[in-house]
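Below is one structure, written out as structure tokens; the observations come after it.
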Amino acid sequence: GFADLMGYIPLVGAPLGGAARALAHGVRVLEDGVNYATGNLPGCSFSIFLLALLSCLTVPASAYQVRNSSGIYHVTNDCPNSSIVYETADTILHSPGCVPCVREGNASKCWVPVAPTVATRDGNLPATQLRRHIDLLVGSATLCSALYVGDLCGSVFLVGQLFTFSPRRHWTTQDCNCSIYPGHITGHRMAWDMMMNWSPTAALVMAQLLRIPQAILDMIAGAHWGVLAGIAYFSMVGNWAKVLVVLLLFAGVDATTYTTGGNAARTTQALTSFFSPGAKQDIQLINTNGSWHINRTALNCNASLDTGW
């Protein structure tokens, strides 16, 4: 309709109408492509896809955390209470850009971040609780698909992200000054993190595919009825893409959760470490009263990281 209206503009109607019709066809092709891609997922359509993209716009704003100390605001990495989304006995789900600081007794301790939005007490991610959540998620998605209300369920899920109904289990404070980048900062560590951005994709997919047989046994032994019902329903209706998504989702939460790409990156780092130049120190020649001598103490902050101290 908009393209037809553009065509009635005097003098420039013909070229504008053609351009508007071409643009409308491009938008329709893009919409059909997104509908085809998201149609294999439960409760997804183009409108839900756009709402999900719009909901991601609030993430950068939540990545700045401040601490009020005697009326003075300090930028900190410690999560405030408003950033805590969900808590279990050993896991805290929080907004990105911070690390939970939990007070236990008379001492505060930084929890170990295992993901940008997940922190655990000791760095180990318990799989039992996460698999129960996946069981509930898959069961709800199966029910929505069976009742043909997938768009409604997706809308309710997006709106539900604005509200949190979870009792507090831990006392979170902002007096730890936690580090988002835990551990000793080295060149190999930074190289490992950079490799994590591109290397683990194929390894992660292959690892999840290889864990599917064990995941099927865990579904039956652990009585995960929501996942079993989802696999059975999607298999009966012939939607094998959803069956594969459910299997990969359940297999991704292994009993001993670890970063598969991290292991591959560590192996690569072990091989490349043989070619490491090791510690070094820049030597500078200083001219004092016409005589040259070596100044071995002329180090800046960046050079001191390479001396091995």
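Positions of Cβ are set from backbone N, Cα and C atoms, glycine also.
Per Swiss-Prot, the residue from the list N197, N289 bearing the note N-linked glycosylation site is N289. According to Swiss-Prot, the feature region 'Important for fusion' maps to residues 137-168, out of the candidate ranges 73-104, 105-136, 137-168.
Looking up the ranges 20-40, 41-61 in Swiss-Prot, the one annotated as transmembrane segment turns out to be 41-61. Separation of the C-alpha atoms of N177 (N-linked glycosylation site) and N81 (N-linked glycosylation site): 15 Å, rounded to the nearest whole number. Mean pLDDT of the predicted structure over the region 'HVR1' (256-282): 51.
According to DSSP, the secondary structure content of the region 'Important for fusion' (137-168) in residues is 21 helix, 0 strand, 11 coil. In the structure shown, the C-beta of N177 has more C-beta neighbours within 10 angstroms than that of any other entry among the glycosylation sites N81, N106, N177. Looking at N106 (N-linked glycosylation site) and N81 (N-linked glycosylation site), their Cα atoms lie 19 Å from each other.
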